[in-house]
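Below you'll find the structure, written out as structure tokens, and then a few comments.
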Amino acid sequence: MTQYIYIFLLVLVFMILLSIYVYKIMDRILWALMKKRRRWRTVILTLIIMIPSVNVFSLWAAVVLHIIAIAALIDLIQLIVTKRLGKLERPKVWNIMYTFCVIPIVLTGMILSYGYYNMHHIVESDYNITTTKELREGGYKIVFLSDLHFGTTMNSRQLQMNCNKIKKVSPDLVILGGDIVDENTSKEKMQKAFQTIAKLHPSLGIYYVYGNHDKNLYSRNPNYTEDELQETIEKYQIRILDDSSWKISNEISITGRNDTWVAQMEQKKRTSSKELAKNTQKNNYHILVDHQPRDMDENEEAGFELMLSGHTHAGQLWPVGLLTVLFDNQTVNYGIRQFNKMNLVVSSGIGGWGYPLRTGKHSEFVVINLTSELNKY
């Protein structure tokens, strides 16, 4: 509880500081237009801008925060130049552009337009992974999908189009890494998402782990219940792995972990990697799926050889990914990483949460070509 109070106070202080800065910008603009100050007008305009921005996950907030960030950067540059070179006479055009925040507004429009395109331009990311264990000739083609957040960035037609692209890859199995749906997904869209994905019909099945959003634990009035979610997933022959394992073939086994945040919210203790590994055959190639890229050393020590995760969205909006790397050394933001004998692949996700924008990494589905080194000779 104390942690949430600290977060609330931090956000409150942040919003107050932003409001003061916006007030100064509005005061500057009104003075340029009217040549006189009316504080009540400045206050009203500031409130009109900042009150909707309290919902930091709204598109409005994304626009406002980008404009403020760019305007603050320009102010900082001006301050540094003035300190070093003294007061310089600026061109009239610059003064007008500065006063009315022309550059921040134009740059924000360009950045967010790119972000919209980048979110909806989904690419295929391929990884070639080998093992010293015996696998069939040609190996296995695995498609990994995570963080669709269906309804935020993709409609039914777009999901079908992307599933058609995935089908052309001819995967042997499909793994869903969580957050396929979330608290903003209606019951009908939730059902449509799994119905569409199920039509991929890979020969070795579709496997699913819960993310921190799928079960609607953040919503007081959920659009669907946990039971309805489970019934839908199982109805379409998708196997749920919730701290459980499954033997895919005589050569591969897969284990799915309960999400660490979900376990905390449900006041459950996650089964350890070591315990989960006991349910797999030693001569099999062991795949572990965990929505969040955590406990990599523990998972490697337990004997897992490939770990698949999502959750991070690779930052989604810059510089979130950079901050994740700087302040959380227990996780991996994106890509493939080697942990002794275990490969970790973290996907940026096929969709996005909150905003239909992505100024960090691309949106993607992951294709893993798993082969045995023994077949080379």
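The backbone N, Cα and C atoms fix where each Cβ goes, glycine too.
TrEMBL: automatically predicted annotations, no manual curation.
Among the features that TrEMBL reports, domain 'Calcineurin-like phosphoesterase' is placed at 141-314.
With a threshold of 8 Å between CB atoms, the same-chain residues lying at least 6 positions outside the transmembrane segment (6-26) that come near it are 42-43, 45-46, 49-50, 53-54, 56, 64-65, 68, 71-72, 101. The feature transmembrane segment is assigned by TrEMBL to 6-26 (among others).
Taking Cβ pairs closer than 8 Å, the transmembrane segment (60-81) reaches residues 18, 21-22, 25, 49-50, 52-54, 88, 98, 101, 103-105, 107-108, 111-112, 317, 355, 357 in its own chain, all 6 or more past its ends. According to TrEMBL, the feature transmembrane segment maps to 60-81 (among others).
Away from its own ends, the transmembrane segment (93-117) comes close to residues 25, 28-29, 32, 62-63, 66-68, 70-71, 74, 78, 317, 355-359 of its chain (Cβ-Cβ under 8 Å, at least six residues beyond either end). Look at TrEMBL and you will find 93-117 (among others) tagged as transmembrane segment.
Taken together, the residues in the domain 'Calcineurin-like phosphoesterase' (141-314) have a mean pLDDT of 93 on the 0 to 100 scale.
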